[in-house]
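Chemist: Pasting the relevant annotations from Swiss-Prot:
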REPEAT    13-53  repeat 'WD 1'
REPEAT    56-100  repeat 'WD 2'
REPEAT    105-152  repeat 'WD 3'
REPEAT    205-246  repeat 'WD 5'
REPEAT    281-329  repeat 'WD 6'
REPEAT    339-378  repeat 'WD 7'
REPEAT    386-425  repeat 'WD 8'
REPEAT    436-474  repeat 'WD 9'
REPEAT    612-651  repeat 'WD 11'
REPEAT    667-706  repeat 'WD 12'
REPEAT    712-753  repeat 'WD 13'
REPEAT    777-826  repeat 'WD 14'
């Protein structure tokens with residue numbers, strides 16, 4: 001089998017912050033499906049890898065549902081609804097997309113879907129019955145048979161909304177029944193009669209909006225679990241009403257019955273619904289309830305009577321009836337502790353109930369696994385994580401061992417490979433969250449291997465250094481020698497970091513601070529009840545990636561410096577290759593505010609202000625030989641600054657303007673978003689919203705002339721879409737051509753090679769090599785592409801003769817991806 005040219009090897013993401021966007025497939029080794037921005041992600045929790053991305057929605061995915069098979073085999077179809085007003089039916093084969101069918105008709109965002117396989121007496125072939133609810137106050141019912149989809153019916157709720165949906169079949173019949181949980185605090189029950197759904201009941205009892213409903217069949221009875229913002233869970237029992245004419249003593253107290261009659265195959269059947277129980281255990285809104293799915297064990301179909309609920313009180317509860325009394329009791333309660341969190345949106349069982357997962361308010365997933373020896377004990381497990389909003393910037397560490405990302409979710413995250421001695425496969429995970437900020441983060445740059453500077457929607461740049469506890473855990477997880485890594489670090493490294501009660505900056509915690517903490521008993525005796533525990537950090541040695549609770553509190557990096565000088569929000573920052581000089585720029589509408597500030601990374605003093613551009617500088621890049629600084633701007637021009645060879649006094653300029661373009665000489669007609677240098681520092685590349693990529697040069701660092709006119713040295717490459725990111729590989733193609741990655745506003749990444757042909761004008765200098773497939777692409781604008789330093793230390797040794805290049809991408813679709821390229825196959 002021929003190896004692909006481009007592979008996506010690792011993906012980092014998390015579910016959208018909405019209810020119902022997470023669903024676990026039934027059947028053995030079921031996949032977890034969740035919506036990330038506009039994508040549906042299929043994740044394998046056992047292998048801990050993203051299997052594929054299903055891209056088809058054009059706005060946020062709000063709800064997902066696997067279609068369960070009656071025989072307990074793995075699901076191969078799922079439905080999703082999004083803010084683009086459409087429902088998509090996905091068909092999966094061998095964990096890859098086979099077919100997608102779009103269901104259009106809603107006039108508002110779709111936020112609830114459900115589907116079942118339906119067998120009709122008149123037609124032996126299965127059809128799929130799909131129901132969806134949207135913000136247009138309508139519930140639509142669809143029938144899909146083969147490639148054909150037909151809208152059967154629209155249920156209109158006037159000014160109300162159906163917030164939760166679930167389909168099933170009435171006991172001993174093939175008649176579909178639909179439960180709709182509404183904002184009128186009622187559950188509306190519909191049954192299909194003559195191909196039309198008719199309302200048969202309204203169940204009252206909840207005192208606030210219904211957030212979740214789900215059917216489950218136990219023997220000849222059908223049970224409905226419902227949850228609400230009134231903090232309660234109700235379980236309703238639906239059964240065939242006895243037709244016996246036996247007289248009943250009216251003096252006996254019995255539950256109120258809601259009855260209705262259905263005609264099935266010309267036979268009228270009476271059904272009754274009673275309230276089975278009310279479960280009170282949560283202290284805030286209950287957002288989701290789910291029954292444990294049916295599964296096969298030793299060839300026998302099992303249907304455990306267990307219910308899982310998730311609430312905004314930060315807990316998830318597993319309920320089950322007592323074997324002796326039949327009273328429903330709380331079996332297990334799990335949740336998250338500490339941090340800036342606000343509870344759970346959703347929860348799911350895996351196929352046999354041995355694992356449960358919760359979806360938290362800030363997008364994080366929490367996975368627990370049942371102990372095989374002690375079934376009442378559940379332990380946290382490793383699960384995928386990522387940003388819950390747009391990812392704005394990323395950078396590899398100088399040795400290519402990990403990546404750091406920043407996003408508009410106000411977090412900085414560090415991802416690294418987890419190497420296990422007993423497994424050959426290397427998986428990447430989030431191992432630290434160095435910065436949890438109060439502003440949207442915009443940019444970052446590495447100063448050395450364990451130090452970075454970040455910029456946010458504020459006027460200040462912040463510098464962070466890794467604490468000792470991070471370095472220890474990083475070495476343990478990635479399988480590196482701690483002594484080798486620590487030999488290049490200061491001996492007085494802090495242990496960790498914490499945020500003071502009345503502070504906003506990460507404060508270093510040293511060994512003495514930890515040792516002086518009182519014991520729990522001492523604290524109880526001496527505390528007046530009003531003190532705030534200043535040092536929340538506790539060092540811990542990890543041998544595997546940390547859980548979300550640990551990431552929130554124990555992986556902060558201390559802030560070592562603030563850099564003041566800009567008048568508006570920081571927009572971009574970069575560092576030279578020797579890590580001695582930092583350049584930063586902020587948002588600007590005037591020339592004086594668009595100045596680039598150069599900082600000394602040892603003294604942290606301002607070295608120089610470079611004034612040229614009239615609008616925001618969007619990106620900067622030092623040349624690899626450190627002779628030049630390139631800047632591109634929203635004013636559609638670029639400027640090139642040359643480092644002076646003479647040793648200047650402290651306050652004299654270090655860089656002088658070497659070359660620039662103006663409105664006449666600029667090839668670009670729109671904002672220039674990105675720029676990068678060739679590895680030999682001869683040429684630089686610019687990418688713009690006008691869909692053009694241009695190469696400029698040559699840049700001669702020995703030229704001492706005052707005025708320079710550097711023009712395009714390539715043909716203008718039209719990539720067919722707005723360019724938002726450009727990155728040049730530090731390794732040349734075997735044919736001595738430059739390898740260029742171009743990221744587009746639509747989320748696609750294209751790889752080209754370029755070589756100067758010395759023809760006038762330049763022709764055939766660009767070669768299109770490969771582009772990302774639909775599942776590999778991002779779904780929104782790419783914000784940054786970054787090639788890895790090609791040492792290849794963190795990846796498996798590939799077969800002889802195949803050399804892989806690695807680059808990372810991030811975008812507005814909340815996703816970070818690591819791709820690998822076969823250099824020889826380009």
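Residue numbering: from 1, along the chain as shown.
From the backbone N, Cα and C atoms, a Cβ is placed for every residue, glycine too.
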Chemist: Counting only pairs at least 6 apart in sequence, do the repeat 'WD 1' (13-53) and the repeat 'WD 12' (667-706) share 3+ Cβ pairs under 8 Å?
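Modeler: Answer no, regions not in contact.
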Chemist: For the repeat 'WD 11' (612-651), how many residues does DSSP put in helix, in strand and in coil?
Modeler: 0 helix, 18 strand, 22 coil
Chemist: Looking only at the repeat 'WD 1' (13-53), what are its DSSP counts of helix, strand and coil residues?
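Modeler: The breakdown for the repeat 'WD 1' (13-53) reads 0 helix, 19 strand, 22 coil.
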Chemist: Find the member of 339-378, 386-425, 712-753 that has more C-beta pairs under 8 Å to the repeat 'WD 12' (667-706) than any other listed stretch.
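Modeler: Ranking 339-378, 386-425, 712-753 by Cβ pairs under 8 Å to the repeat 'WD 12' (667-706) puts 712-753 first.
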Chemist: Any idea what the model's mean pLDDT is for the repeat 'WD 14' (777-826)?
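Modeler: That region's mean pLDDT is 81.
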Chemist: What is the three-state DSSP composition of the repeat 'WD 5' (205-246), stated as helix, strand and coil residue counts?
Modeler: 0 helix, 26 strand, 16 coil
Chemist: Could you put numbers on the helix, strand and coil content of the repeat 'WD 8' (386-425), residue by residue per DSSP?
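Modeler: Counting residues by DSSP class gives 0 helix, 19 strand, 21 coil.
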Chemist: Could you count the residues of the repeat 'WD 9' (436-474) that DSSP puts in helix, in strand and in coil?
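Modeler: Per-class counts: 7 helix, 20 strand, 12 coil.
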